[in-house]
Structures are given as C-alpha cells and as structure tokens.
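Novice: Here's a structure for you.
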Amino acid sequence: MKTVTISKERLRIHIEQLGEIGKTKDKGVQRLALSKEDREATLLVSEWMREAGLTVTHDHFGNLIGRKEGETPSLPSVMIGSHIDSVRNGGKFDGVIGVLAGIEIVHAISEANVVHEHSIEVVAFCEEEGSRFNDGLFGSRGMVGKVKPEDLQKVDDNNVTRYEALKTFGFGIDPDFTHQSIREIGDIKHYFEMHIEQGPYLEKNNYPIGIVSGIAGPSWFKVRLVGEAGHAGTVPMSLRKDPLVGAAEVIKEVETLCMNDPNAPTVGTVGRIAAFPGGSNIIPESVEFTLDIRDIELERRNKIIEKIEEKIKLVSNTRGLEYQIEKNMAAVPVKCSENLINSLKQSCKELEIDAPIIVSGAGHDAMFLAEITEIGMVFVRCRNGISHSPKEWAEIDDILTGTKVLYESIIKHI
C-alpha cells in the first residue's frame, strides 16, 4: 500500500476560507440553500474538488457532485457526503467538515496515485438544513427518489419557490428533469459521512471522535392557529380568542410529552414562531410556529405527535380558534450498517484511537442514502456540544483524526 498523507493544513485552510462566505457580524455563518452565498461557496468547493482530481457536475436536485473514476467505472461507486448550506447564523463546521474531509481523502489518493477499482464520489447535498424552505434533507431525499412535486413548490420568506430557486441557480440545474438524477439500489456501494457531533457526549467523555450506530428520525410540522384580532386595551380577557396564548399551551405540552420518559432520547423543539399582524397593542389574529420532533424509535415518536395534534385540537376548540397542521417532512429512524461500523472500528484500532459507539439525535443526509446503500458515519467532538450557533467549534486535530479514520475505512472498500 502506498503511503498516503492527509493534509491537516489544507483541511484547516479550506474550513477557514469557506467560513468567510456568508460570515455574519458575530462570526457565524449564514448560507441558506440556493442563495448567492451558497452559489459562492459552491464555486469555491467545486474548485477544490477539481484540484483533488474530481470531475465536477451538478444533478437536477442541486447536489454538487465530484467524481474520480475507478479502474472499472461500471462498478457501484463509494460515496462520501454532507452539506455546505447552513442554518440562520450558524457555525462553520456543521456539514462542511464532511464535504471537505471527502475532498481531502480524494486529494491524498490522487497525490499518491492510489489505484482503485470503484469510482469515488464526493457530494455536497442541497439544502440539508431546511432553513430556507423549512423542508430539509432535500438533496439526499431527491437522490433516492423521495422528493414529491409539491416539495418543489415550497416557498421561502420572500415567496420564492424552491423550483424557482433551483431554476435560477445555474450549473445546468433544471428542476424539470429531477427524474434523471435519481439513484437506484446498486448504484452506490457504500456511503460514508463525517459530521460534528452537535452534542456534548464526546467532549464530556474525552473522545475525539465517535462511530454512529443509528440516526433518530426527525418529523417537521408547521402549525397555524387563527383567532380574532382586537385592541389590546378594550377587549376583556374573558372574551378574547388569542391564538398566541393557545400556541403557548401547545408548546408547553410539547415539552411535557417529550420529557415523560426520562430514559428516552425524545426531543421536541419549536424553533420559529410569528404572530400576525405583530403590533404591540394588537391581540394577534394568527400565529404560526414550527415543530421538530425526533426519536430513534419510530412508534414512540409517532405516538407523541398524535398527542400533540390532540392538544392542538383541544386548545383550538376550547379557545374558539381555527387550526392548520402542515406536515413538512418525516424521516424514519435508521441504523448504520454493521459492516461499516465494524470497518470503522477496525480503522480506529489500527490507528490506536478510542472511539465509542453513539446514536445521532440529529438528522443527516446519510439517513436517506440508507434506503439504497449501506451507510457509515463518524462524529467529531465539538466544544460544549454547541452547534447551529456562531459558537460552534471543532478542533482541527479532531477533524484530522476523523478524516484519517474515514480514509482507512474507505480505502478498504474502493
């Protein structure tokens, strides 16, 4: 086997340079999917892919794909992926380290002239976060045939549809031809992804990385409660139809339901809430808020969602409100491949790295790729477990460790 060097310095520089695109005033990152910042980042990452020896294309779901052909191109490819879009005012490591690790692995393989039978693909999936169209994991869902026509009609805060955003993004993307970009079982041999943990376990227990055994399935909703607007000073409390108070009742119930079983990893979050018309002296006419419910057990998650829906109906009936529940996305919890878990464990053993087996509470592109191939994931510890924040931070030495482990496993499968 030829000696291969993973460049810590190149990884560090790439992370820093990409972090400058969409940089916010408090040193966070805001690169919403299919935005001008996303386009600028795509151009830069495409350049790095080419430097690593990858041929760059886009599919019609907006996924950026770099491919290095193997000796037998007809064989299924080995894919490494993640995302480069961000949440609003997020951090510079989330998703990014997975894409850049993939590029660095191919860079090292190219520099050492390593011969491989299977082609290697590095993918930056479109809109993993869902922060623009409130509908995440779009690119990976599309790749496995799970995007519906109505998903293309989702609108952002400026009433721009995803279809329009894709159509004008460039790079040959045409949402009228998404059917041409669907992969089938047998097209991809294995899928690997590296990501920051986005939680405190690894740091608390002094592990640089962890091996993921499974991914909790998120379910996203948008709830709208409609009441009756009125003057804040003249409508008695007993006669009000205030949807914001109703929303508060529902939100408190979300917390209660998700904490009922102290041994369960169930989590529920209301991340966005807006009252209309939004005047300080006006009783709101309507309120919209998002719901994010996650669990590693599908049945338990679905039961909690049923109870939340019952609470919404009860509150609405009691307070004289109308309600709408829009289901935006639901992902089934998935387990990582035992084959790839064992491969990653063996790589850790060879490199003398102690890595625990952990569950991912966050959703990742890997969970949809699992529908057509085996998946393997590596987590990198992050400071204080913070993510989706300008305070998000991962040490370059830990990122390097994860990249080396990923390389040692991938090289055995190509």
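Just so it is clear, glycine is given a Cβ too, placed from its N, Cα and C backbone atoms.
The shown structure was predicted, so the numbers you read here are calculated from the model rather than taken from an experiment.
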Novice: Which candidate from E121, E127, E129, E352 does Swiss-Prot annotate alongside D94, H388 at the divalent metal cation 2 binding site?
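Specialist: Between E121, E127, E129, E352, Swiss-Prot records just one in the divalent metal cation 2 site with D94, H388, namely E129.
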Novice: Based on Swiss-Prot, name the residue from G130, G136, G363, G376 that is recorded for the same N-carbamoyl-L-alpha-amino acid site as Q198, H231, N281, R294.
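Specialist: N-carbamoyl-L-alpha-amino acid site check in Swiss-Prot: besides Q198, H231, N281, R294, the record includes G363 out of G130, G136, G363, G376.
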Novice: Between R294 (N-carbamoyl-L-alpha-amino acid binding site) and D94 (divalent metal cation 1 binding site), how many Å separate their Cα atoms?
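Specialist: With distance taken Cα to Cα, D94 (divalent metal cation 1 binding site) is 19 Å from R294 (N-carbamoyl-L-alpha-amino acid binding site).
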Novice: I'd like to know the mean pLDDT over the region 'Involved in dimerization' (214-333).
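Specialist: A mean pLDDT of 96 is what the predicted model shows over the region 'Involved in dimerization' (214-333).
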Novice: Can you tell me the three-state DSSP label for R294 (N-carbamoyl-L-alpha-amino acid binding site)?
Specialist: strand
Novice: Whole-number Å only: compute the distance from the Cα of Q198 (N-carbamoyl-L-alpha-amino acid binding site) to the Cα of R240 (site 'Necessary for dimerization').
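Specialist: Distance (Cα to Cα, whole Å): 42 Å.
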Novice: Can you name the binding-site residues among H83, N281, G363 whose CA is within 10 A of the CA of R240 (site 'Necessary for dimerization')?
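Specialist: The binding-site residues passing the 10 Å Cα test: none.
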